[in-house]
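Chemist: Sharing a structure here in structure tokens format.
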Amino acid sequence: MELHDIREDYTKRELSEKHCAADPIKQFEKWLKEAIWAKVNEPTAMNIATVGENGKPTSRVVLLKEVNAQGFVFFTNYLSRKGKSLAANPFAALNFFWPELERQVRVEGHVVKLDEIKSDEYFASRPYTSRVGAWASEQSAVISGKNVLLAKAALVAAQHPLNVPRPPHWGGYIVEPDTIEFWQGRPSRLHDRIRYRLENQIWVKERLSP
């Protein structure tokens, strides 16, 4: 299947150094708000790439649940493939893609677990069925069929009809960035790329060639 004729010219916006915030987290928050206002589909969805102890990269899409001065927060099963990869190699790369705005944001950094209190607070805010699912799903494990999963979910619901506690193998991570890049599509593939990199605890802002 040939795909070389599929292309699009980007013309909607531009990105200049002088209009970028000094702090990349502030710049990200600005872009995220604009993505939400523009009704981008799943504006908080981000691809997260990890590398396990075997040296092989894997990626998947998860949802950003908080962004703050420290970094980017998401939640998952610690025993999942991504959880095992992060235990062996606590670094990750994130990518947000907002095609409606012809934008993407790349983030690289060190990953640490959130404390149990924060994980408990977020877990308690989830819908009941999602909390049940966190117990029922042994994420990334091979199962014989969907009925196995449904049976586990029914058992958990029967055991916890009102309140489902957080499983010890489920909780949050924060990606503490050392690099954040903002990409704005431009005509003729002369895209705008503004990268922030952390140098001696100070963010250095620079333009990259597309």
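Backbone N, Cα and C define each Cβ position, glycine as well.
As listed in Swiss-Prot for this protein:
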BINDING   Arg7, Glu8, Asp9, Tyr10, Lys65, Tyr122, Arg126, Ser130, Arg189, Leu190, His191  substrate binding site
BINDING   60-65, 75-76, 81-82, Gln104, 139-140, Trp183, Arg193  FMN binding site
Chemist: With Cβ-Cβ distance below 8 Å and at least 6 positions apart along the chain, what are the contacts of Arg189 (substrate binding site)? List them in sequence order.
Modeler: Pro210
Chemist: Please report the Cα separation of Arg126 (substrate binding site) and Arg81 (FMN binding site) in Å, rounded to an integer.
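Modeler: Arg81 (FMN binding site) has its Cα 22 Å from the Cα of Arg126 (substrate binding site).
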Chemist: Counting other Cβ atoms within 10 Å of each Cβ, which of the binding-site residues Lys65, His191 scores lowest?
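Modeler: It is Lys65 that, of the binding-site residues Lys65, His191, has the fewest other Cβ atoms within 10 Å.
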Chemist: Of Val62, Leu64, which of the binding-site residues has the most Cβ neighbours inside 10 Å?
Modeler: Leu64
Chemist: To see if you understand the setup: which same-chain residues, six or more apart in sequence, place their Cβ under 8 Å from that of Ser140 (FMN binding site)?
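Modeler: Asn77, Leu79, Ser80, Arg81 - these are the non-local Cβ neighbours of Ser140 (FMN binding site), listed in sequence order.
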Chemist: How far is it from Lys65 (substrate binding site) to Arg193 (FMN binding site), counting Cα to Cα, in Å?
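Modeler: It is 25 Å, counting Cα to Cα.
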Chemist: How big is the gap, in Å, between the Cα of Gln104 (FMN binding site) and that of Arg7 (substrate binding site), rounded to a whole number?
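Modeler: A Cα-Cα distance of 17 Å.
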Chemist: Report, in whole Å, the straight Cα-to-Cα distance of His191 (substrate binding site) from Phe75 (FMN binding site).
Modeler: 33
Chemist: Using C-alpha atoms only, work out the spacing between Arg193 (FMN binding site) and Arg7 (substrate binding site) and round it to an integer in Å.
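Modeler: That comes out at 19 Å between the alpha carbons.
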Chemist: Would you mind pulling the DSSP three-state label for Phe75 (FMN binding site)?
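Modeler: In three-state terms, Phe75 (FMN binding site) counts as strand.
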Chemist: Please report the distance from the Cα of Arg7 (substrate binding site) to the Cα of Leu64 (FMN binding site), rounded to the nearest angstrom.
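Modeler: Cα-Cα, rounded: 29 Å.
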